[in-house]
Amino acid sequence: MADVDTEVPPLPPRYRFRDLLLGDQTFQNDDRVQVEFYVNENTFKERLKLFFIKNQRSSLRIRLFNFALKILTCALYILRVSLDNPKEVNSNPWSESHLEFHLILTKLALISFLETILITYLSYKGNIWEQFFQISFILEMINTVPFIITIFWPPLRNIFVPVFLNCWLAKGALENMINDFHRAIQRTHSAMFNQVFILICTLLCLVFTGACGIQHLERAGKNLSLFDSFYFCIVTFSTVGYGDVTPQIWPSQLLVVILICVALVVLPLQFEELAYLWMESQKLGGNYSRHRAQTEKHVVLCVSSLKIDLLMDFLNEFYAHPRLQDYYVVILCPTEIDIQVRRILQIPLWSQRVIYLQGSALKDQDLMRAKMDDAEACFILSSRNEVDRTAADHQTILRAWAAKDFAPNCPLYVQILKPENKFHVKFADHVVCEEEFKYAMLALNCVCPATSTLVTLLVHTSRGQEGQLSPEQWQRMYGRCSGNEVYHIRLADSKFFGEYDGKSFTYASFHAHKKYGVCLIGVKREDNKSILLNPGPRHIMAASDTCYYINITKEENSAFIFKQEEKNSKGLPGTGLYDAPSRLPVHSIIASMGTVAIDLQHPDPPEESSKLAVPAENGAGSRRPSIAPVLEIADSTAILPCDLLSDQSEDETNQSDEEGSVGSEFVKGYPPNSPYIGSSPTLCHLLPQKAPFCCLRLDKGCTHNSFEDAKAYGFKNKLIIVSAEMAGNGLYNFIVPLRAYYRPRKELNPIVLLLDYPPDNHFLEAICCFPMVYFMAGTIDNLDNLLQCGIIYADNLVVVDKESTMSAEEDYMADAKTIVNVQTMFRLFPSLSIITELTHPSNMRFMQFRAKDCYSLALSKLEKIERDKGSNLAFMFRLPFAAGRVFSISMLDTLLYQSFVKDFVIAIMRLLLGLDTTPGSGYLCVMKITEEDLWIRTYGRLFQKFCSSSAEIPIGIYRTESHIRPHSQRSQVSVNVDQGEELRERGDSWKKKAQRNSTTSDQSDHPLLRKKSMQWARRLSRKSNKPGSRAERISQQRHNLYRRSERQELSELVKNRMKHLGLPTVGYDEMNDHQNTLSYVLINPPPDTMLELNDIVYIIRPDPLAHMPEDSQVGPAHSTRNQQDFGAETRDETHL
């Protein structure tokens, strides 16, 4: 029953939808009332106010009409004055003689008066006197009321009315008209434009008022013309004052005084406002015009704070490419421009191409000022010097979102700091995560020495001209090879690789290097977006493939010069392929004006390449007599599969050795827990079961084991210690490359994380599945912590830049604590390889600092010379950087900048560092040259050896030379000429070492400091040329005794602390010092480069899992082969 009561009765038929809309007049009980709503008050005054004032378009028309009236009255006044008769003026100087002009001016005055009264009425807000005492109202009354009175009283027609004062009313009308115009079109000019416009109008009004007033008053005197009066005003206001035209009567002189006083008050106020706006506009940077944006190409650089180093790195790298010379760089930064940055941007080289705008990327107005929607690209960089790097990433993310929302079609190049924030900017075209690259590079530095230097040189633009004027052979060769970069070209369009269509990748790589000196490292199929590094001999090259190669310049900038080889030239026999240097391919690579000219020899037939006899002095019967040729098509029977997932022989062989030390076998698989979203899955060595968190603590025992120091664990391999402030997610990328599946398990180095703050459980959950990974709370400035974590058993110590020290009151002091701590460890543990990350690259000159080492001082002079020449790699000759002992993440900023021209460079570097693992793509590793391998002799033959035997592609050499000094000069290099003469008299063996160079010397000797280099060091360091004396030698010996005593003191300090901690002192090597060696990287050296003992060769090894058979089991022979292959990966005991 309740449902019936609540039911709504249906409407009668008349209540249809049409009736509800139109209404029904016949319905008598309709109580509805129609209500009209008005936006404005519906009165006559409000409607007039809407038309004359509020509405932009109608008020603009009214102001335009008013402005025209004022200009017309001024023009009529000038016309009347110019038509005056001088005789009539002299007889009656105060009269008006032109009745026609008077009638017209009366009509105009009546219209202006009525308009002024109406506007005053509409603007009335309760204070009538405020309206009456306005300057504009008073001027209107002066110029209109006398004319209106003459309508009723004609005798007043002869009175003078200063109609020229309408110019001030015209000025005000023009200002209001411009404001209404901006409101109508919804666009605004800058305040600077408005102020300049007001100033110009003020000057014109002052000059016009003065000229008309003086001309009228001087009718009773000198009777000046209007032009003479105008001339007098210009001369007076410009403070020139010629004196040829002057007012003669006191009224005109009084007017001049009044005008000067007004000018002294009004003009300074105008100029002050203009100067203020100019200064503010300089801070804001103005606008980038739409016309320029549509006719010119520009990129936008968004940063939170702009430092001089960041700016110069970007500009030098961006404009290093020839096709970017016409681009403009628009910098959008929320902070005021720095003084140093302003000084740099005033240099003509940059002032015409760089535009600084102060603004926020989160404001559409500022993005419009930068014309983001018309930009070719937008670079968004993070502020790495912030204490809170997570907050810096959040700002970067918002900037990227704002740029994508405002300009969806603009390519984005984003730099992010922490890997956990990377997925927020996944939509960007190119993303570089700083911590990912940093930790992966530092990890590879431990197993592939100087990987950081190798990658830094590859991603910097250079022409290979650094150090070419140096007498040092290693500097010339190192500088020339530093010009190599990664380029790409389509196979069908290439002269380098076009002839290898249908051949194997390994065959194409070897013969391209042999013939042209280029190193083919990767390829990409047309139907596949993934780049493959060294896909191996089974990859057959196709015309549509994109080839990636390392060369001094790209193929498009190369000139090919074919020269016929002259046999038996200079009396050298031509029986062997590599018998004479003149027979070698690619003798010289000359970079000139961005173009490389390559001298190409006709390569010898492939069949002769297998006739490489072993030199007799190396033992003719101990090695193979020749190197096998590289096949065009891979022979599947000759290439054995590398099944790393079933290397049972290695497990069985190493099981007995690892018992008691490791305690369990390793398995291969993917890490179950990734610390952040977006990490690339990598096949790694893992523990069968996750280790308990208590077992990961190195310095404290638990219920599972009682070990409390590194010695107790009995590790077979040297430790790798990482010193960091906290366990961030990026540290995960340090562990993964060192536990990758292609690292032999018998060569896995234990990893100890020395952290200032203990890690959280989230990080421990991610690393507990990896074998031999431990952590310990401590700092590197505490000797006890270093000894407890096993520093005397470590091979590498990685010092990561701490976030809390990245910002300092003085920018370059951010690395002070790190540098001093590393210098202390360098003195305490001289045999330890310390890899340090710095905030500022310029501070690397303080690493392993020796104040009295003249050779280091000479290198400092060389760095300054290269910087003055405009080199982007002036720091490359610093010995710690060349040896890969120091690294700054800011040096990798060029990776993002280069991706604008080379969109593949980030993907290749991620593959090279192991951040990404693409099926079929190779990985970076190294091999060491031993005495048994010196029979290969040259890098070109080594290239053939790798390609023919294991399908590996070498890309460079890490060379260490002995920087031997006389015993009396261990601590300081004396660079006197007389000492050079003494060296010459020390014996034939010493003379041979001092005169040979690194590419043509005997491999059994070490390179020495030659007399020529000593003279060069003396000249650069500007030392005195005083001959050595007996007193100096005695002083030098005393210094050496002092140094030994200092070393012994440091040794005693370390041993005493070890005894206090209960640690055994056995193993502390107190005299093993690497101070007398120098190391450097040679990227893609020429094929005729001679190999030297202890050279470490960078190679890209093909993926062992790329062509693994799925339905067959690998036999014992194959497993033995795998074990041999992976045994060849060691850095210390590798044989070719």
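Cβ atoms here come from the backbone N, Cα and C positions, even for glycine.
The annotation transmembrane segment is assigned in TrEMBL to 64-83 (among others).
Away from its own ends, the transmembrane segment (103-124) comes close to residues 45, 48-49, 52-53, 62, 66, 69-70, 72-73, 76, 131, 137, 140, 143-148, 150-151, 161, 163 of its chain (Cβ-Cβ under 8 Å, at least six residues beyond either end). Annotation source TrEMBL lists transmembrane segment at 103-124 (among others).
Long-range neighbours of the transmembrane segment (136-156) within the same chain, counting only residues 6 or more positions beyond its ends whose Cβ lies under 8 Å from a Cβ of the stretch, are 73, 102, 105-106, 109-110, 112-113, 116, 120, 162-163, 165-166, 168-169, 172. What TrEMBL lists as transmembrane segment is 136-156 (among others).
Under the heading transmembrane segment, TrEMBL lists 196-214 (among others).
Residues or ranges marked as transmembrane segment in TrEMBL: 249-269 (among others). Away from its own ends, the transmembrane segment (249-269) comes close to residues 199, 202-203, 206, 209-210, 213-214, 217-218, 220-221, 233, 236-237 of its chain (Cβ-Cβ under 8 Å, at least six residues beyond either end).
What TrEMBL records for 296-432 (among others) is domain 'RCK N-terminal'.
The region 'Disordered' annotation in TrEMBL covers 600-626 (among others).
The compositional bias 'Basic and acidic residues' feature in TrEMBL is assigned to 601-610 (among others).
Annotation source TrEMBL lists domain 'RCK N-terminal' at 717-857 (among others).
According to TrEMBL, the feature region 'Disordered' maps to 968-1047 (among others).
Annotation comment: TrEMBL describes 981-991 (among others) as compositional bias 'Basic and acidic residues'.
According to TrEMBL, the feature compositional bias 'Basic residues' maps to 1009-1025.
Taken from TrEMBL, the feature region 'Disordered' applies to 1107-1136 (among others).
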Summary of DSSP states over the domain 'RCK N-terminal' (717-857), given as helix, strand and coil counts: 60 helix, 29 strand, 52 coil
Secondary structure content of the domain 'RCK N-terminal' (296-432), with strand meaning DSSP E or B: 59 helix, 28 strand, 50 coil
